[in-house]
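Let me begin by presenting the structure, written as structure tokens, before commenting on it.
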Amino acid sequence: MALLLVMLGVALLANLSLGSVYIPLKATLEILAGGEAARESWGYIIWNYRLPKALTALLVGSGLSLSGLLMQTLFRNPLAGPFVLGVSSGASLGAALLIMGASLLAGGSSAWLVNDVSLALASGFGSLVVLLTVLLVSARLKDAMALLIVGLMFGSITAALVTVLSYFAPAEQLQQYIFWSYGSLGNLGWGQLGLLGVFCLVGTAIGLGLVKALNALLLGEKYAQSLGISLSRTRAWIILGTGLLAGGITAFAGPIAFIGLAVPHLTRQLLRSQDHRVLLPGVLLYGGILMLFCDLVAQLPFSAYVLPINAITSLVGAPVVIWLLVRRRRMIF
Amino acid sequence: MNQEPHPNELPLQVLDLQIGYRDKRREVRLSGALRFGLPRGSLNAVVGVNGVGKSTLLRTLSGMHPPLSGELLIEGTPLEKLPLERRAQLLSIVLTEPLASQHLRVRELVGLGRYPYTNWLGQLSPEDLKGVEEALRKMELEAIAGQPCHTLSDGQLQRALIARALAQDTPLMLLDEPTTHLDLYHKVKILKLLKEIAHSTRKTILFSTHEIGLAIQLCDQILVLQPATARFGTPCELIEAGCFEALFPADTIRFDAESGYFRVTK
């Protein structure tokens, strides 16, 4: 755990110092400490661009990993991730409706409608609608597996609606939507970052409050109930926590794939534990580190290019997971 | 019948309990109305043919399935009036289904049994840890306490599951077919351990089983479930009353009252 903390610090500093403009580590530290920057532009880059982006990466990585852990424990399914309940498909539908729907209804004059804030609102609203529907349905379902299928079905429905919208949308709007779906960490100002921080903080607090119930769920739902855990209440809190984390993150940074699915597995392998008192801080740290690293790769140090973060998370993460599984031969779940 | 024990000495009391299922169209009643009480510090078995309602009875008694009618008292209080947290301190279960996580170590598994007594984080106090070690010792698991559950044999896993229920330290313990998948030696070993626990720690244990012959030899009381009726009593009383003869079709198996065992009809 201490190792993870140190690695997080290193990843954060590397992320701040490397990019299209290289800022020496010493200068980076001086700027962060409030000192005078050796070059004025460096201070500007750090404070207004790289630090918000690094903090976004940290929140996104930690939050998605935690919601992935919650989903995997709730469904006892190693393939579950933060988006299995349809949170990201809801967000996509919201974004698609705003970007492509507005242009279909209002014609070409609607471009002013689409900006970072309205996009965040639309996708956040989309996740919320799907989430509330899932919550309502879950109250009527006894079986967690059935809930998983329902979440997947919602995903299919929204994906189909997005397809229909894209079919009719003009090329320009379609491209804008596709760019949104790549995910982005660099669009948040300090105000939005604060809001995202609140979402993540509340989501993490809910996760922390669930630690005991999550550990009891390792035995199975019936045993958990026999230990005094209320299944319906626990399920509702898990859905709410996941919704806040994954929904909030998707609203601000777009649908970021893979991290939420992979980090809980990586953390179990690393810490060799199933205890959520260990796993919860573990996934928060590990998720943050991995996301900072992915962002570092995505901004292609010493070049002016920035790659879509969504592609990098999978490109970097998937081989790591495969390598770990092959080396250890056995998955801890 | 022997002398009626005082209700305080009956951790589990069942009054005209009707078990079964109810859906929109119809009501499926399993067995007759049940009326029995399990004394403190006794080992009790539920026997009956497949599908007669043994598992449903255990699920009803543990509050996971609602009864159709009748009353169910745990330590004198109706089960439905007990909040989940309190129930967890009165009643522990051992199920046939596999654990959701096979990677828990035996000691962690047993430690989860202490959850009804821990704080919001589930941290084990020194007293909890003592209870865990005690349960491990009673079920003879000390040597394998550090192993993950997927490495255990069926017999070891069953003992680990019982140790978890034991660590929960409840006056009442319900087990669904704890001896399936085990060879004769391990069946007897599990049941003897259960009997020893019931008598030494004054716990009331009820388990379902198909091992009627072993139940007759080892249990204090047996509940015989049949499609229309149910009989509860000591093994001797039930044998004298001829309860086991009618359990299976006589042209296939008959009960030998002399030895207390079933024999194949030739």
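Including glycine, each Cβ sits where the backbone N, Cα and C put it.
Since we're looking at a predicted model, the values are computed, not measured.
Looking up the ranges A:7-24, A:223-240 in TrEMBL, the one annotated as transmembrane segment turns out to be A:223-240. A contact links the transmembrane segment (A:83-105) to the transmembrane segment (A:246-266), because at least 3 Cβ pairs that are 6 or more residues apart lie under 8 A. Residues 70-71, 74, 85, 131, 134-135, 138-139, 144, 147, 206, 209-210, 212-213, 216-217 of the same chain, all 6+ positions outside the transmembrane segment (A:223-240), place their C-beta atoms under 8 angstroms from a C-beta of that stretch. The stretches the transmembrane segment (A:304-326) and the transmembrane segment (A:246-266) meet in space: the count of Cβ pairs below 8 angstroms, excluding pairs fewer than 6 apart in sequence, reaches at least three. Packing against the transmembrane segment (A:189-211) from elsewhere in the chain are residues 52, 55-56, 59, 62-63, 66-67, 69-70, 116-117, 120, 234, 237-238, 240-242, 244-245, 247-249, 252-253, 276-277, 280, 284: each is 6 or more residues past its ends and has a CB under 8 Å from a CB in it. By the Cβ criterion (distance under 8 Å, sequence gap of 6 or more), the transmembrane segment (A:117-137) is counted as touching the transmembrane segment (A:246-266), at least 3 such pairs being found.
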